[in-house]
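Copied over from TrEMBL:
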DOMAIN    7-291  domain 'Hcy-binding'
BINDING   211, 276, 277  Zn(2+) binding site
């Protein structure tokens with residue numbers, strides 16, 4: 001389960017120019033004692049002062065760890081889950097991410113998250129007509145001033161492409177991330193590769209695989225390489241299910257194992273890497289060390 005390289009900071013092909021995404025907000029909130037009940041999940045933290053401060057702190061810690069793209073906590077702020085408060089919560093989430101990133105420096109970009117309308121591990125629940133709801137959130141994110149829109153954790157390529165089209169239509173840079181799920185069985189690498197190529201054709205500036213076991217991610221990254229646009233991965237490294245491959249934890253050993261796997265993604269050409277469920281600031285710091293260690297001196 002562990003990369004056979006001599007260390008996470010060894011030479012990495014194309015290490016220079018790799019963008020570091022942040023890690024998850026939802027599992028970090030839970031780890032810090034903030035309740036994340038359905039249907040709002042991580043967005044529930046936006047409802048009170050303590051939750052908002054924890055969200056801000058999480059963004060700040062990722063920035064200090066070395067991430068330069070920060071995903072606002074809008075995974076579940078759409079009208080379907082948040083009701084009448086959806087627009088306010090969306091704007092609030094973007095503001096929190098922006099405030100935290102500003103404290104860390106000017107090189108940081110804010111991504112607005114657009115998730116599947118239903119369960120991200122249940123492609124069978126994807127609505128037949130999802131366009132209007134994805135359009136509404138994409139426009140709200142653009143109005144809130146995000147630097148890019150990240151359509152993420154989509155197990156259903158058709159819905160992902162609809163969300164992507166609405167993101168592209170706002171004029172804001174759009175990325176899309178597909179998931180094979182915690183068991184790596186919702187999409188095959190080949191199916192994801194086909195979806196990624198179509199996403200690039202429809203205007204995606206980057207295609208990624210996310211929320212899939214880090215130990216199973218390389219095969220997906222290799223398929224994304226044929227998309228013709230920037231590609232990368234932010235994978236699971238915790239105990240979201242029995243199929244993840246790592247025990248839960250954000251200790252240095254877990255982070256080192258994760259970075260060792262990410263080293264292989266970068267060697268395969270990935271130029272965007274970050275963390276998903278079960279990762280944390282320690283994992284982002286390990287990714288930053290990996291990339292900086294590969295950058296030529298001078």
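Including glycine, each Cβ sits where the backbone N, Cα and C put it.
TrEMBL labels come from automatic prediction, so no person has curated them.
In the three-state DSSP classification, residue 276 (Zn(2+) binding site) falls within coil. Sequence-distant contacts of residue 276 (Zn(2+) binding site), defined as residues of its own chain at least six apart whose C-beta falls under 8 angstroms from its C-beta, comprise 23, 24, 210, 211, 212, 234, 235, 236, 237. The average pLDDT computed over the domain 'Hcy-binding' (7-291) stands at 92. Every protein chain considered, the tally of other Cβ atoms within 10 Å of the Cβ of residue 211 (Zn(2+) binding site) stands at 24. Cβ contacts within 10 Å of residue 277 (Zn(2+) binding site), excluding its own Cβ and spanning all protein chains shown: 25.
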